[in-house]
């Protein structure tokens, strides 16, 4: 079976190299976040067995690893709802060439299971905490689980995680004024806060118009108060990360509406049903699943991905109001 050579590393026509795979393993979620699934998860009518199985996951991750991908983020939906989630982590972590295995979770199962996830090979975790006010957290997520999630973060440090990343979706009139509370929280904790601008998707146009707020004000505040921009690694995400000598924690800003946001794009997405998505806001998904059934299909799988990469756009078109085919962020893993 042919591996990619260095010259065949996944690369698009704009010479962007792809070191980072976001792999969704389910679109099911048990939270009802206002910016994602405000009415809760609505089953498609298909059985959950239609999601990628362990063998398919192993094959797609190996193909990406053989073509230069070194980081995999396991996403959802809520990925920990998969009964075989720990096995998925182990499968990804056991793949030659994969150096970092991450997941994004709502945190509700962390306190109980984070130890086994770490033992299986998980070495980076992102937890969604959209407010430090338990009542606002409940309002945004639809679940009264604030203290449970916070206990999960504490437990992550107890089992040996050196840093936990915390995602906060910025929303005007809901949580955009909580910066002082968040700064106080991370002063003596190795937490990287990641403020994410609300993004427009097919089903969330009204919410976007009501609650979108730019991260520029936060960035200006940080710079004015002595925070410094940190240099990125090749497989890091799109966050602008700021550090301060008086803070153990860090602040990241993800601002997709900013000019040149896509210039350093380094990630591709595979959905829980086995479709390749070149962009979170692309207008189509490319079927890969038919090439995930046998180990000897890897060269054909790689060829299909390489071919599709040449159609990847230079940028999304969010500023023109084009949100692509993504109905909500849970559908292809955010």
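Note: Cβ is positioned from N, Cα and C throughout, glycine not excepted.
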Candidates 104, 105, 206, the one Swiss-Prot lists with 22, 73, 165, 267, 268, 269 as binding GTP: 104
Candidates 73, 199, 269, namely the binding-site residues, that fall within 10 Å of residue 279 ([4Fe-4S] cluster 2 binding site) by Cα distance: 269
Proximal residue to residue 35 (S-adenosyl-L-methionine binding site) among binding-site residues 29, 265, 267, 269 (C-alpha distance): 29
Residue among binding-site residues 29, 36, 199 with Cα closest to the Cα of residue 268 (GTP binding site): 199
DSSP-derived class (H/G/I helix, E/B strand, else coil) of residue 77 (S-adenosyl-L-methionine binding site): coil
Between residue 262 ([4Fe-4S] cluster 2 binding site) and residue 104 (GTP binding site): CA-CA distance (Å): 21
Within 10 angstroms of residue 77 (S-adenosyl-L-methionine binding site), Cα basis - binding-site residues out of 29, 33, 265, 267: 29
